[in-house]
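Presented below is the structure to which this report refers.
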Amino acid sequence: MTKRYLILEDGSIYEGEAFGAPATTFGEIFFHTAMTGYQEIMTNPIYHNQIVVFTVPIIGAAGINHRADEAIGPMVKGVVVREIAEVSTNRLQTMTVHEFLLRHNVPGISQIDTRALTRHLRETGSQKASIVDFPDDHAFDQLRALVLTNQEVQQTSTPRAYVNPGDGANVVVLDFGLKNGILRMLNDYDANVTVLPYNATLDEVLNLDPDGIVLSSGPGDPHAVPESILELIRTLQKQLPLFGIGLGHELFALANGVDVEVMPIEHHGMNHPIRELITNRIMYATQAQGYEISTSSIKGTDVFVTHVDLTDGSIQGLRHRNYPAFSVQFFPDTAPGPVEAVEPFDDFMDMVTVRRGG
Amino acid sequence: MVKEIVDAMAMQRALTRITYEIIEKNKGINNLVIVGIKTRGVYIGNHIAERLQQLESAEIPVGQLDISSYRDDLNEITDKQPLDVNVDGKRVILVDDVLYTGRTIRAALDALMDNGRPAVVNLAVLVDRGHRELPIRADFVGKNIPTSAMERIQVNVEEIDGRDSVEIE
Amino acid sequence: MADKILLIGGSANGFGRETESDAASYQMVSALIRRGYEVYFIDDNPYSFTASRDDVHVEVLELTADNLVKVIIANGITSIVATVGGAVATRLALEVQEILGDQGPKIVGLTSAVLSAAQNTKYLQERLQQWHLPAVKTRLASTASEVFDAARELEFPVVVRSIAPQGQALRMQAEDAEELDQVAELALERSLTHQVNVDKSIRGHKEIAMVVMRDLRDTKVLIGGVEDMDPVGIHTADSISITPIQTLSDPVVQTLRETAFKIARGFNVHGLLQVRFAVNPEDDSYVVTRIIPYYDRKVSLIEGATGYPMVPVMTGLMLDERVERVHISSRYAEHTAFLEPTMDHIAVRFPVFTFGELELGGIETNRRLDTIQKSVGASIGVGRSLEAALEKALRAAHFSNRSFSPDLMGELTDSQVIEQLIHPQDNRILLLLEAIRRGYTVDELEELTHIDAYYFYKLERIMKLETEVRQHPWDMEVLKNAKYYGLSDGLIAKLWGSVYDSVRRYRWDNNILPTYKTFEPSAGEFEESVSQFYSTFEVENESERLGQETILIIGTGAFRLGDGASASYVLATMMDEFKRQGYQTVLVNNNPYDLTFIPQLSDKQYFEPLEISDIMNIIEVEQPTRVVVPGNRIKLINSLKATGLDVQVIPREKYLESTLTEHKDQLLYNYFYDGNELHPIVVSHQTNRQIKIEEDEQSHLAQAITPEMPFDEVGLYQFVCEAYDETSNVMQGRMRPMPFTHVAFLDKVSQHDWLRMLVRYMLNTPTEADITLLESLPNFEWAYHRATLRYQDGEFKEHLNIQKTLDNGQFAMAATYEVE
């Protein structure tokens, strides 16, 4: 029952109990409202270097099992909860959350009034935070001095290309911090997938004779990604079906001259109603979003809006006017999340199949 | 034995995809007119027009084409006005439910040309079942469903048949 | 011309229905009137709150298809609502449709297909198969050999059900070939057609319910899910239920959600649909067991637990509005109707049984729980941990401090313990705790009970806490921990050998104070100015004092005995009148189905146990100017008065009066006491079967000498006349507070709002009309010649297998009434 503290940039201190590793970490803090899927969330590379606060009061009842991993090990720098289940009873589990975090040297803190913390964060927006042993001046100094890296993509992208074989269409995925769910979905279509590092060149891509391109999701600020990649996207979209997810969607936007801004309040959850404009239908999907497309900058560009989040009007999907290229801000791989969100994958694979002549 | 091979949801997705493809190919919706071949082609055309409206907030005119007097394999003669919308100088999207031998489309093209001077004509079909007897192809296809000549394909629409689906028999 | 819409009520309360549908129909009426409908309501339940509205045409008729048809034709009804009258209403709606065909009114939001599927399992299974959704696997068999073929195919265990059984329906479980041998022939013989259904058994599977909303554009929203702690085999109403779902992983939850959506779409539901599943804990496979297209208790639980505006949204959707456009109160964020609720707290619904009271009344019952419901009510506990929610629900269900005392359970022998683990009784939570205390391992317990091990870890945690508290008296850290996990001051006091007051003061002095959090459906993401609270012991408190002059109303809690529904009616009516008189009101109650939780009846609501310490905590925050308490809470009333608060007592006896006076007719004189004198209202009769009021007898009333009044509180009273002296007109007998069953009945049949008038007198603001009316008594214009309330105890006897005559005055939950 070791005491630990969660401290925020704005001076707030929250006292709680330690679990996971006794490490001291720093990161940007955000809250996630999903009631299920904690393992998928903790291992999503999009949350690399971030500290996650779960609003659901207890996590861990289903333990850790490797089917729910979205990456090798947790990507978050810290886990903040009201309560952590000490034991798990799910048959599939191989270890508890505590053990999982301990092995990967990630600290957790429990017994926090997460509702109060959430309400506070929704006022202040995201900020830097740290899980420490003592909430003294030294800790705060360190926290304030922290400079958040802008090399997120570089740190989470694969350094070398690799193949995820299949018998179907040839799909190239540009890895900006890819989550396993994307590969799993492509597997379901039996695609022959090659994953390339984020800084692949045009030749490297075209040499694989792809039938379609996927721009993966990933962590961090899309503006931190080199201009050359935007140029690559512009070239590829003219020649091949292209599908961007999350960060990939933001890059697709930037590549086409649309501005991307920091969101005042981020979206992390799976309960926002998203309208698909073309059918006027409402669907739900998991969101992990810190940046958004600037609505006012769409005019005059070659992309148009396909999906909108109805709680705040933020753009959730784009499509190119002239090419078979589109992107979504939300997560269509349902790991975790609502099943109806997979439709963009269906659409992409349809496009790819048609192009292949199938 | 009747079997449903495309359900309502899949049909919706197919129409959505066709709509996006139309925008892509036409670089927007300028000058577009949708002409549906009676009877089910009209309803499908309407659905496409609805989607275009949701996306672009502009009303695309939808016309009906009655080709009963143009079919070379039927013996009907009528003097109904075949086309009820102006297509001069327009980019026409001709819409039908099933593309099979191609004769219906050929008749439709005749009817269209006799009643206007479209700038461009593209063909959109919900189902392409193969077995062409004329050199006709669709620009936009919802589903490719290879069939044998013995089989029958039926597209159902909510408005007439009470449900959206594609059945094979 | 306003559209005429008819709501079908649910008639007498019963084991399937407490007051949740009444609460729903009440809110629905408001939503319909706002949309310009002319609303008709047919019901013969004397406790109906909806029927007391004056902006609705109420038809007091027995709920039969013929009566419905009469009302429909006589009034030109164009739409009927079948979703707020329980299963009865859905059945009747179908019958009406069969009678009237296309000429009949539209059943809003529901197709006949979904109504049929809700009642007919076979039909449901056919549709599920059509949609490739898993249903309980079943095979038809006409010989023992076929039965065995089926069992081989489906694999043991199986359940054999006689088709068209003579007498009672027969369902028998067979674990292996030997048992099947015994069961097969018996079941075949029982069937009139010599046929049986062999089902793959789902006994021991997890029971999960999902509630979804769907609109005409096929937008589907998951509102919530409920998990039963007890597996299939125990009726879900007798089970401890929890929301949100605790032990399923995301992929499983998403699959169930998707399946519920497919079913809602398949049946083209506009409005709400509940789908029930049985999930195999071994492999997460599942089957759909039933669908419920109407507002029931699980829906009510989710509504309470999430704070989602269920009824307003349901009403809009059934009338073909889009979910984005449905009007909801401005208290909510705009998008609330179509944001899938997410919870940051846990709610536990705990069943309440009445065996103890029956035993006291000399009626032996079998306490064993099975597939027929035996609980008569339920309480809710809400907290930020499962332990706290469970603790509070237990407390609210009146198990109180007895729960954790080893004495009661300690007397059981080991084999008794095992027997009861396998065949649970109503006190099974106490038994589980005892088993843990005796050292049973979690695995053993899971195997014996099929309850997910997760819950045993939680119960173990509670036990450890208890021990920790006992071993560290007056330790601050231990106390803080115990309070967070929901242990009451009373229990802690017991463990420390002290009194609750000392513990409370100690807490106060050391700043260990409750923090109240709101129920809202966005887990803190969005600002919602809703007004429902629960307590926890954390850092931030979201409840501020409502106002300088407020009235705190103490609810009546879970339904226990015969007057649950009528008590709910009484309190709800009074609350509404307090509001009408311009007061700001705060409610505290713990029955999720209760009428008092209808949002418009109060300004602020607390879902909390009703023990003295919980109420005192709320009083500390709200500092009300007045507290309204039901009269049977004697200890509470005294404690409150001792603190100097202005306590308004609603006259109510601690124990319900028995009516079991063999074939005797009790004569009752009913009075209104305004604080000064007794005003006679009516003479009524009561037997064990009914209460009757005859217009012709009322002349009697003027002659009788008003008896002595031993009570001080303003209220409705009743004199039980044991002997009447004809010459002197003096009565011998006993004065008592009018039982709530009689109060509700009186309100209904006299067409005068006695309760509302009572409130005005309580507030000391009677109107001129009130005073005039009282002065004119006993001359009262009766609207009817005769009014009769009939107790309906058939269901009660059947569910609890009672052979003796039931004392209806005490136990009858259900009643119908008729007027001439």
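Cβ coordinates come from backbone N, Cα and C, glycine included.
Of the residues proposed, A:LEU186, A:LEU247, A:LEU251, A:LEU318, the one TrEMBL records at the same L-glutamine site as A:GLY218, A:GLY220, A:GLY290, A:TYR291 is A:LEU247. One way to see the shell of the L-glutamine site is to take the Cβ centroid of A:GLY218, A:GLY220, A:LEU247, A:GLY290, A:TYR291; the remaining same-chain residues with a Cβ within 8 Å of it are A:ILE46, A:GLU152, A:GLY177, A:SER217, A:PRO219, A:ASP221, A:PRO222, A:GLY246, A:GLU250.
In sequence order, A:ASP221, A:PRO222, A:GLU250, A:VAL260, A:GLU261, A:VAL262, A:MET263 constitute the residues six or more apart from A:TYR291 (L-glutamine binding site) in its chain with CB-CB distances below 8 Å. For A:ASP333 (active site), applying a Cβ distance below 8 Å and a minimum sequence separation of six or more within one chain yields A:LYS179, A:GLY181, A:ILE182, A:ARG184, A:MET185, A:ILE245, A:ALA341, A:VAL342, A:PHE345. In this structure, A:ASP333 (active site) belongs to neither helix nor strand by DSSP; it is coil. Taking the domain 'Carbamoyl-phosphate synthase small subunit N-terminal' (A:2-132) as a whole, pLDDT averages 91 in the prediction.
Remark: A:GLY290 (L-glutamine binding site) has A:PHE30, A:SER126, A:VAL262, A:MET263, A:GLU266 as non-local neighbours, by Cβ distance under 8 Å and separation of at least 6 in sequence.
In sequence order, A:PRO45, A:ILE46, A:GLU152, A:VAL153, A:THR156, A:SER157, A:ASP175, A:PHE176, A:GLY177, A:LEU178, A:TYR198, A:GLY246, A:LEU247, A:GLY248 are the residues near A:GLY218 (L-glutamine binding site), counting only same-chain partners six or more apart with C-beta under 8 A. Under DSSP, A:GLY218 (L-glutamine binding site) is assigned to coil, being neither helix nor strand in the three-state scheme.
Largest Cα to Cα distance within the recorded L-glutamine binders A:GLY218, A:GLY220, A:LEU247, A:GLY290, A:TYR291: about 12 Å as a whole number. All protein chains included, A:LEU247 (L-glutamine binding site) registers 33 other Cβ atoms within 10 Å of its own Cβ. With DSSP classes pooled into helix, strand and coil, the tally for the domain 'Carbamoyl-phosphate synthase small subunit N-terminal' (A:2-132) is 29 helix, 46 strand, 56 coil.
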